[in-house]
Structure formats: structure tokens, C-alpha cells
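Below: the structure, in C-alpha cells.
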Amino acid sequence: MSSKPENEYYLDSSLRPSTWEEYIGQDHIKANLHILLSAARERAHPPEHLLFYGPPGLGKTTLAYLIAHEMGAQIKTTSGPAIEKVGDVASILTNLSPGDILFIDEAHRLNKLIEEVLYPAMESGMLNIIIGKGPGARSIQLPLPPFTLIAATTRISLLSAPLRSRFGGGTFRLEFYSEEEIGLIVERSAHILSVPIEESAIAEIARRSRFTPRIANQYLKRARDFAQVKQRPLNRGTVREALTLLEIDELGLSSVDRHILSIIIDKFHGGPVGVGTIATALSEEESTIEDINEPYLIQLGLLERTPRGRTVTPLAYEHLGYPPASPAGGLAADPHQKTLL
Ligand code: ADE
């Protein structure tokens, strides 16, 4: 466990907003947290446990840090897969100080035994564990200091119902940002990084960043590198070239996104096809496709999730330059016979 997230190389900690005024977007969540945190502060009690979910890169960790900052609390960070044994969670919980925030990222990867230790800890502030095995086993109960658990996940459906029900402070879904909000974030980041950037370049990065701040900040840095090496001003043209080199297209799709769509069209007549089958065809992890690629493809209206599987939309055919699909699925025999649709 560490007091800083370990794998967040993608987001300079200098770019992470440290006050609510600096945090752009997610207004609905900010308004709710403002009430929750103000009330908790007035009662001199830690806020109730919180659950954040949504696609990666939208600011779940940042919110946890902002809450800690606002409450003047220490934050301890860990993640679902890092807590392997009951002893790990027992040690984390017993080392908390009153008012601490415990942030658990990737909470959907917590194993059942760990969840069972968390339930009473969250509900009644007690650590219940069994020491030893067989007839000599003893159950011990330890009171814990008051603390706030903040859990984050990209896959709320994988969280067990009993765990989900214990986030008394609320469960909040982070939404994709608007292009305008991403533009403001890029402008702020360029300022912090002292990168001179033209308005048109900000707009171009914002348009291709999957409505995701983490990606916008990554593209800003790659475009800055490109401008520096090629000795060019950071304008729209430079951003376009830098992103083309990264195989990011006009809509912000990566080569994997395009591959997903084209495989569904080429091999499965446009769908429906199960995500497991797509993953196998692409040699990708199913969870990567579900967490990273699908939300954006669905947001853009290129892909649909149906009870029978994934289906591409006419927009996907158009974007990839395919002739329109025939009514029965698959490609039309004659690409010019659009009237068939
Ligand atoms: N950097 C990353 N996410 C941000 C946000 N929501 N507001 C401001 N800067 C950010």
C-alpha cells in the first residue's frame, strides 16, 4: 500500500486538480459531495463510505484525493488485486488513524473473503477475523477507528450486492466529459506544463480525446513532443500529424477500436456477436474491450449492446468506409444500392 497511486504514470501529479475550483466537470457529483462533506465536517465525523464507478481516466482517483484534501484527512491507497489475504486487509484496517480515507481502486477485483472482512468494518467499525484453523480457531473482534472507505471500479456489475449496498454516502457514476470541458482541461494542463499551444490545437485534442481527461493530457504531451522534435508551433496541423502517427483517427478511435468494428463487420456480418468471441478474434482481453473500447464506441453510436451480443451501427460502416450493411446484416451486394436500406 502507498499514499500515492502507483500506476498513474499517465497523469502527472502536477496536472491533478487539488481543489474543487480546479476540478472541471462532473458537476452533479461535485454538488452532492459538497453537501455530504460539509455536513460531515460540521458534525466532526468522517463522511460515509463512497463508491465511484465509470470508464477509466474520468477522475475517480482524483475525486478521492480531493475529498481527503477537503476533509484534511490522510489517504491510504490500495487496490482490489493488491489485497490478497485476509491478513492484508486486517493490517490495512488496523493501521488506519481516526478520520483516514482508505481508497480501494479496482474494487471489483476484491476476493470474497476480503469482502466479508470489509462488510462489518464498513457497517459497524469492527474487524472480525478468525485466527487459526480447526478446533483451536478463535474469532477475534477489534474496534476500528472511524474511517471512510472510497472504492472505485470500472465494472460496477461485478461488485457483489452486499458490498454495493454498504456505501452509505452514495454511489456515483462518472460521466464522459463534454468536448468543451476537455478543452478547458487541456488549456489548464498546457499552462501548468508551460507549453505554448494555439486554440485550434486545444480544440483538436479535445475532439479526439474520447471525452476523457487522462487521454487528453496524454495527447497534449505527445503533441508537445512532436512539436518540439519537428520544431513546429503547437497548432491544429501539428496535433493532427502527431495523432495520426499514434494511429488515432478523426473520431479519436484507436487502431484497436477500428479493429473491433471491422472484425464484427467482416467476420460476423455486423453482429450480434458475444464480447468473448470478439476478444478471441482480436487476441485481446475481454475486460479490456469492455472497460476501454466499448464505452466510447457506444457513446459515439458506432456500437450497440443488445441481449444477443454486440452489433455495429450504420455509422460504423460509414466511418470505416464500408458500403452500407444489407437489411439482413452483412454487406449489401451492391454498395451503390443505398435505397435498399
Ligand atoms: N485533469 C484531469 N482531470 C481533470 C479535471 N476533471 N479537471 C481539471 N483538470 C483535470
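Every residue gets a Cβ built from N, Cα and C, even glycine.
Some features that TrEMBL has for this protein:
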BINDING   Leu15, Arg16, Gly57, Lys60, Thr61, Thr62, Arg166, Tyr177, Arg214  ATP binding site
DOMAIN    46-180  domain 'AAA+ ATPase'
BINDING   Thr61  Mg(2+) binding site
REGION    250-341  region 'Head domain (RuvB-H)'
BINDING   Arg305, Arg310  DNA binding site
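Taking Gly57, Thr61, Arg166, Arg305, Arg310 as the candidate binding-site residues, the subset whose CB lies under 6 angstroms from any atom of ligand 1 is empty. Pairwise Cα distances among Leu15, Arg16, Gly57, Lys60, Thr61, Thr62, Arg166, Tyr177, Arg214, which the record gives as the binders of ATP, peak at 32 Å. Cβ-based crowding with a 10 Å cutoff singles out Arg310 as the top-ranked of the binding-site residues Arg166, Arg214, Arg305, Arg310. Secondary structure counts, DSSP: the region 'Head domain (RuvB-H)' (250-341) has 45 helix, 11 strand, 36 coil. Arg305 (DNA binding site) and Arg166 (ATP binding site) are 29 Å apart (CA-CA, integer value). A gap of 25 Å separates the Cα atoms of Arg305 (DNA binding site) and Arg214 (ATP binding site).
Annotated pair Arg310 (DNA binding site) and Gly57 (ATP binding site), C-alpha to C-alpha distance, rounded: 24 Å. In the predicted model, the domain 'AAA+ ATPase' (46-180) shows an average pLDDT of 96.
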